[in-house]
Amino acid sequence: MASSYFLFLCLLLCGGPELCNSQTLWLLPGGTPTPVGSSSPVKVECLEAELVVTVSRDLFGTGKLVQPGDLTLGSEGCQPRVSVDTDVVRFNAQLHECSSRVQMTKDALVYSTFLLHDPRPVSGLSILRTNRVEVPIECRYPRQGNVSSHPIQPTWVPFRATVSSEEKLAFSLRLMEENWNTEKSAPTFHLGEVAHLQAEVQTGSHLPLQLFVDHCVATPSPLPDPNSSPYHFIVDFHGCLVDGLSESFSAFQVPRPRPETLQFTVDVFHFANSSRNTLYITCHLKVAPANQIPDKLNKACSFNKTSQSWLPVEGDADICDCCSHGNCSNSSSSQFQIHGPRQWSKLVSRNRRHVTDEADVTVGPLIFLGKANDQTVEGWTASAQTSVALGLGLATVAFLTLAAIVLAVTRKCHSSSYLVSLPQ
């Protein structure tokens, strides 16, 4: 009976039985709720030279098993190699396979790919009962120390090999926290937030160098995917942050913390015609001698909306004049803008000098959780508040009615007692 009263009160106050469940829920990619305490449906094992991904066919925790053929790894669509049993699917892939991307940070080598569940209609039907899901996967290996089973024997590098060793530079592009002090712990964003990006080069024993972001492009899938469309330029024309020309306030940070580091912010966005909730940013990074004066080919320029002009991080202001009309040079980025992302690798390899002072680096995926002030959420909140107010009002009326009845019964009892005592 108590549970019935609780259910009645819950329905009265909350407006529906689905809100009466006290168990906390969280959302898997694709919007399917799963209890917090449940085991993870995707498990990753990072080995010395390969990764093993084990996927439960009950991917959404609903008891409905997904089809193994609907599961692939990476943009190459690597198929599962081993099926453990009827309820589990396993992928075995080398670290460099399945379109895996490698990124070098200060302390680690990061190999990243993604698990894709792309359901297809079965039995000639045109309906789907599960969602499309993209699960980011990362394997991190410490740069300091030995990850192999055999110890490395240190050796002296001959002098004639030292020059070539010193020419190797390590470029990186990382998502940072708002204070720029630490790397962002999770690549998740709401629309309306700002992404803090830090490009960096580790020079080692090289002569002092200054880093520049030549051009950056954003795509819903990793480059060089030939199907990367649509795309959006963030930086173009040898260092012009063109994304700041739109309604955003994207800009380079002034001053830069170190010559070998360049920081910039980008107002988060997503592609209107893309069903994916992910974003990849690929930047072409390059270096120049630290004592070289910035010019049209080596610059970092942001658009200032107040003055309606381009301003450099360092150097004379006139080096940014070409950003307004895009004729800084006949650069590979200009050709890239004409042909699109599918020509990225071909154009870069054809126009780039055959040296190690520039590189293409990708950060991602950036995962969108929806708008920070989503109208649907606001509408649900308003509806819930209305239901609660209505419920409280009805509960108050019921309480007052019950109190009136109790008071009336009490008075009647007192009156009856008085009448019975009169004959005495």
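Yeah, the Cβs are placed from backbone N, Cα and C, and that goes for glycine too.
When the candidates C216, C240, C322, C328 are compared with Swiss-Prot, only one is recorded as disulfide-bonded to C301, and it is C240. Between the listed disulfide-bonded residues, namely C46, C78, C139, C216, C283, the fewest other CB atoms within 10 angstroms of a CB are found at C46. When the disulfide-bonded residues C98, C240, C301 are scored by other C-beta atoms within 10 Å, C301 scores highest.
Secondary structure at C240 (disulfide bond), as computed by DSSP, is strand.
DSSP gives C283 (disulfide bond) a strand state. S39 (O-linked glycosylation site) and C216 (disulfide bond) have their C-alpha atoms 39 Å apart, to the nearest angstrom.
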